[in-house]
Protein chains: 2
Amino acid sequence: MTAQRDITVGELGEKALLARILDALAGSSQAEIGPGDDAAVIAAPGGRVVVSTDTLVHGPDFRLAWSSGFDLGWKSAAVNLADIAAMGARPVALFVALALPDDTTAGFVDDLALGLRRACEALSPDCAVEGGDLTASDTLTIAVTALGVIDPDLRPVLRSGARPGDVVAVAGELGAAARGVGMLFDRFRDASGRPIAVDRGILTDAEEVDLDTQLRPRPPIAAGIAAARAGATAMMDVSDGLLLDATRLADASRATVRLAPTPESGLDDDALRGGEDHALLACFAPDAELPDGFRVIGRIDPRGAAAVTIDGVAVTGHLGWDPHRDWDAGRG
Amino acid sequence: MTAQRDITVGELGEKALLARILDALAGSSQAEIGPGDDAAVIAAPGGRVVVSTDTLVHGPDFRLAWSSGFDLGWKSAAVNLADIAAMGARPVALFVALALPDDTTAGFVDDLALGLRRACEALSPDCAVEGGDLTASDTLTIAVTALGVIDPDLRPVLRSGARPGDVVAVAGELGAAARGVGMLFDRFRDASGRPIAVDRGILTDAEEVDLDTQLRPRPPIAAGIAAARAGATAMMDVSDGLLLDATRLADASRATVRLAPTPESGLDDDALRGGEDHALLACFAPDAELPDGFRVIGRIDPRGAAAVTIDGVAVTGHLGWDPHRDWDAGRG
């Protein structure tokens, strides 16, 4: 494959491109019927499936100067796996609709397929890419739909089930991805604001961790299933910032989320307002035993004037991540 | 809603746009958990689901001068429903990832949502849009993933099951969509080749039918389930032309498809080589009773030198529809 990495998808044609992608994914399918027919067939032993879809678009969602094909494959898998985990479900299949400009290199697509595969293997080994679609487009677009199954003895965990007195907890990173994207905008653009390649040599180890969290997030997929098993009353993926997503959970549950930052909780401004870490925010009955990976960050109050408070004080200002505002300057 | 149809999605913002879409879809959800949480929950009583994804991209797949929002919503639903039906499954849910340029009007998106809804109601009433994603993009893109369920006493019908002696049959239109797109290219472009609005006043009734089949195809969804119930040995969606798709079925089944055109079968050149009607091509044991809607067009021979023959003569030349070649001239 290496010899042809620079050939473009326009030159290669759809059939040969598909063959390369299937080659990169070979042996990973765990479905009854995987890629190749009109549709895939996925087992759903509990009699129901959980489905979510999330798209990465060149421009609003990523820049090619900053993200490799591998990064984009990884991230598009990870963000969708997180949505499934946030329901307390076990991811089982990804479907990937790729829309590619003709000048995309085959090597980029190989890397993207590998990133999808490696993210599944690392984050959710029972899940693989089981189908997809290839189209030509002027704009590189990766639309992923994820399927999960709920263990037969469990129910899906919604945003709307939090009750006053519940403990509020979080699993996974908060703030690192926001520091990572801040670093990209602050330090890896040219004088006219255009993205330039990242020079990792000038980054500290901690900065590299932040950058990697932005480019290849590692949502705590197993923690979602563990939370469902521990009786979580409500759960959601923190994709747009803790304050904004906690507001959504509070509104859906008609309650107030009272955050209680402590020196240990790490709830600094990045953690409160930064997006894209794909941590899991969950609520548990006061007497529940928290599963591994979760740390307490507050509790549920009866609904007050504010959806979210910090130690009882209403939160104001910019709550979180808005991709339309925060990413739209400077395409590249 | 009417007063604000001309406002753009960039002006409206994601939250208000989503509210409009949910408004257009209101009451249609049939899922355990529909749109609004991290993921939808879909019942899969037979313990497995069938999943397919297909994307429409502005440029390669459609032109805004020719297709309304309603047309695009309808078509993006119909082509995905057809893939599910081609497995012998019952469509139950669509997930729609919309990537929209900021200057898209809200009215266009309203119409698109209505087209999705009406196509489900007309073609597959047990199915509805149960989730999706909104993103900004320079290129209007509609990526739909469809889920279906297989009746517990049936198996999925693959492309690979045809056996020598089987009857080859088809349900649905063949050729009309190709005539429709031919008409668009021949008669509704300006002197420089750019698409212009269709003047239906100059079309005959038959031409309007062809155009409607191109813009809003009506695949025979119920016939797919009926074929599975009648014991179809192989089946697929005819999306790229009968000859090309029959080649795929023949190759998957390691057999040869012998087409036997008759004056009644309507297998003219449009029917043989035209794409996008989304008919269903199916094979049945010689003694099977064909379900309603299917007509015999040939039989399965042992694999010979050619994948497809017409009365035993190998087919040559342009087999079918190639969106990268046939659509790519003249964006608009």
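The backbone N, Cα and C atoms fix where each Cβ goes, glycine too.
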Identity of the Mg(2+) 4-site residue among A:Ser28, A:Ser52, A:Ser68 (reference: A:Asp38, A:Asp83, source: TrEMBL): A:Ser52
Sequence-ordered list of residues in the chain of A:Arg159 (ATP binding site) that lie 6 or more positions away and have a Cβ within less than 8 Å of its Cβ, or none, is A:Ala234, A:Met235, A:Met236, A:Arg248, A:Leu249, A:Ala252, A:Ser253
Long-range neighbours only, meaning 6 or more apart in sequence with Cβ under 8 Å: which ones does A:Asp83 (Mg(2+) 4 binding site) have? A:Ser52, A:Asp54, A:Ala146, A:Asp237
Out of the binding-site residues A:Asp38, A:Thr53, A:Asp54, A:Asp61, A:Asp83, A:Ser239, which are near chain B, with a C-beta less than 8 A away from one of its C-betas? A:Asp38, A:Thr53, A:Asp54, A:Asp61, A:Asp83
Looking only at DSSP and grouping its letters into three states, which state does A:Ser239 (ATP binding site) belong to? coil
Residues in the domain 'PurM-like C-terminal' (A:163-289) grouped by DSSP into helix, strand and remaining coil: 52 helix, 23 strand, 52 coil
Candidates A:Asp38, A:Asp61, A:Asp133, A:Asp237 (binding-site residues); min other-Cβ count within 10 Å returns A:Asp133
DSSP three-state assignment for A:Asp133 (Mg(2+) 1 binding site): strand
Restricting the comparison to the binding-site residues A:Asp38, A:Asp61, A:Ser239, A:Asp240, A:Glu276, which residue's C-alpha is spatially nearest the C-alpha of A:Asp133 (Mg(2+) 1 binding site)? A:Asp38
